[in-house]
2 protein chains.
Amino acid sequence: MAKKNKKSTISVGVIGSGSFATAIVKILSGNCKTIHWCVRSEFVKGVIEQRKHNPNYLTTVTFNTRDLSISTDINEVVEACEIIILATPSIYLSDALEKMNCNYSDKLFVSAIKGIIPKHNDIVAHYLRDVFKIGFRNQAVIAGPCHAEEVAMERLSYLTIAAAEDQYAETLKDLFSSSYIKVNTSNDILGNEYSAILKNIYAIGAGMANGLGYGDNFQAVFVSNAIREMKVFLDAIYGELPRDVNESAYLGDLLVTAYSLFSRNRNLGNLIGKGYTVKSAIQSMSMVAEGYYAAKSIYETATEKKMKLPIINAIYNVLYEEKNVEKQFAKLTNKLT
Amino acid sequence: MAKKNKKSTISVGVIGSGSFATAIVKILSGNCKTIHWCVRSEFVKGVIEQRKHNPNYLTTVTFNTRDLSISTDINEVVEACEIIILATPSIYLSDALEKMNCNYSDKLFVSAIKGIIPKHNDIVAHYLRDVFKIGFRNQAVIAGPCHAEEVAMERLSYLTIAAAEDQYAETLKDLFSSSYIKVNTSNDILGNEYSAILKNIYAIGAGMANGLGYGDNFQAVFVSNAIREMKVFLDAIYGELPRDVNESAYLGDLLVTAYSLFSRNRNLGNLIGKGYTVKSAIQSMSMVAEGYYAAKSIYETATEKKMKLPIINAIYNVLYEEKNVEKQFAKLTNKLT
């Protein structure tokens, strides 16, 4: 990647047209001359070009279309850019990337995705490394806490950008910083990605507790145990870095999701807690909550590495082993402190 | 204190008739034969004895009055008991205790108070030690997270009981444990007391942010910075103990208060954030929020010890230095990460 001289000269592409992708394009549009935006369909492309807003997500955000180069062809976008920001839902990433056949070896891939690739049962960083041979040095991660809806309203939000190379983290910091976005940098790529994934599982658990009728006192205990459990996982998987899990990218992201009434993950858990079967709870949602896939993958990783993660175990048992949610939580309450 | 043979034989007194005192009497009434309850007035005593509930707080909780020995005389209660639980609002503790002229040297004093004694500008543990010569070995602290209203509904809650002596902590654990109360024990008396006080100040700040229009993304960042700042304070004041601030008594208590829409402290901050003057915000509340007094005392302690606590400083500046809340928070946002 070339060293940037001026903000606007770096060529940046965004893959995805969901709410977080749209928020990212909004943020970048203040700092980049042109954003190459790979959207899902000609329909979406057409609406943005003609009506200047995404037809489906953050529809109140208006774009200056002169700043955008919109395409449905990932190769066109990747070829044009030095930095490629991946912002599809995790379940659609492989569909998008597997069409990529251009040369991307010198590009920086930045994941804003918070979930497991279901087909590979693994995190994005590993998927990019194993399937596309994109090493960690050419990767970065954007972590929250950041509801896209608040970005649309320009409410002050903090992002954390993790990259192995400090210069990449700094470049991305400049691209993302604005009056309403402050950026922290980090070298903890895997820790940031895993914590963003784990927090979705804990949000399912917070929803289950709520659906079962546990109150605010318990919710606070649940979250305080969840962040400790997250630390156990992160230290076991990737413990070499000094890492304070109370930083915004870890605890903050957990809080914004576990306490949000709008989180899909929390809502899935809430339905199950209220007595819906897992299948019917999933069917009632327009899109599967990312924590559902994450629970399986994280459970398997934790089991393989012999970690003790009582919260993850309880949630996994309910989601995949047809265990009774009320009983699982009754047992879990004895393991929390 | 005698070693207990049977739960019901330990003589326990509760000082205070507010909501948390009432919740504590409810909890203890399942485990103690008689609870000596020192209430504020003959009226309160009369209503509880005749109607079996507190006239002012947690009125849905019904007591078996055969289990209660109610008095308005603190000496009568202290003389009768081995364990005295202090559960008045912090601003009324000195009024209650300064009437105490019986011999209390062999008693265990347990503070369930989460605030500064305004007249002494200090925490309860220091006040008991300095004014009443009650050493830390004869003290214990009950920490949350625990909204009294949820205890009334018997929603599962976790308490942490801190005592210098393990045997006291275990005795208290037995007295407080029930189907809806789980008890953790700790030796960190001062850390538990200070964190319960600090969280009220941070809840004022969370309210200010909300009143100013900051959103959920910011709130999560604010709380994640607050717990790190709390750790700085606790380590500086009393760093000898190994202490994980992510345990329920620290982080959990902060969460239940900072995210509660019913917290007096959060509400005070919210009014100020919305543009009320500090004076008018305080006047509009039926009772002063404990974090208001705490902010002054903690700020002074921090200044004396040269700690850097940007959140406490900002809140102190607004509450006591007539600084503009919007500007203080605008500056603060640059210090958070």
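Cβ atoms here come from the backbone N, Cα and C positions, even for glycine.
These figures come from a predicted structure and were not determined experimentally.
The annotation domain 'Glycerol-3-phosphate dehydrogenase NAD-dependent N-terminal' is assigned in TrEMBL to A:12-168. Restricting the average to the domain 'Glycerol-3-phosphate dehydrogenase NAD-dependent N-terminal' (A:12-168) gives a pLDDT of 96.
According to TrEMBL, the substrate binding site annotation covers A:Lys114, A:Arg264, A:Asn265. Around the Cβ of A:Arg264 (substrate binding site), a 10 Å sphere holds 21 further Cβ atoms from the protein chains shown.
What TrEMBL lists as NAD(+) binding site is A:Ala148, A:Arg264.
Sorting each residue of the domain 'Glycerol-3-phosphate dehydrogenase NAD-dependent C-terminal' (A:188-327) by its DSSP state yields 103 helix, 0 strand, 37 coil. Here TrEMBL flags A:188-327 as domain 'Glycerol-3-phosphate dehydrogenase NAD-dependent C-terminal'.
Annotation comment: TrEMBL describes A:Lys199 as active site, proton acceptor.
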Other residues, Cβ within 8 Å of A:Lys114, A:Arg264, A:Asn265 Cβ centroid (substrate site): A:Gly115, A:Asn200, A:Ala203, A:Thr257, A:Ser263, A:Ala289, A:Glu290, A:Gly291
Sparsest-packed of the listed recorded positions (A:Lys114, A:Lys199) - C-beta count within 10 angstroms: A:Lys114
List of residues, in chain order, with Cβ under 8 A from that of A:Asn265 (substrate binding site) and at least 6 apart: A:Asn200, A:Ile201, A:Ala203, A:Ile204, A:Gly207, A:Thr257, A:Ala289, A:Glu290, A:Gly291, A:Tyr292
Alpha-carbon distance [A:Ala148 (NAD(+) binding site); A:Arg264 (substrate binding site)] in Å: 13
Same-chain residues at least 6 apart in sequence whose Cβ lies under 8 Å from A:Ala148 (NAD(+) binding site): A:Ser19, A:Phe20, A:Thr22, A:Ala23, A:Tyr57, A:Leu58
Between A:Lys114 (substrate binding site) and A:Lys199 (active site, proton acceptor): CA-CA distance (Å): 9
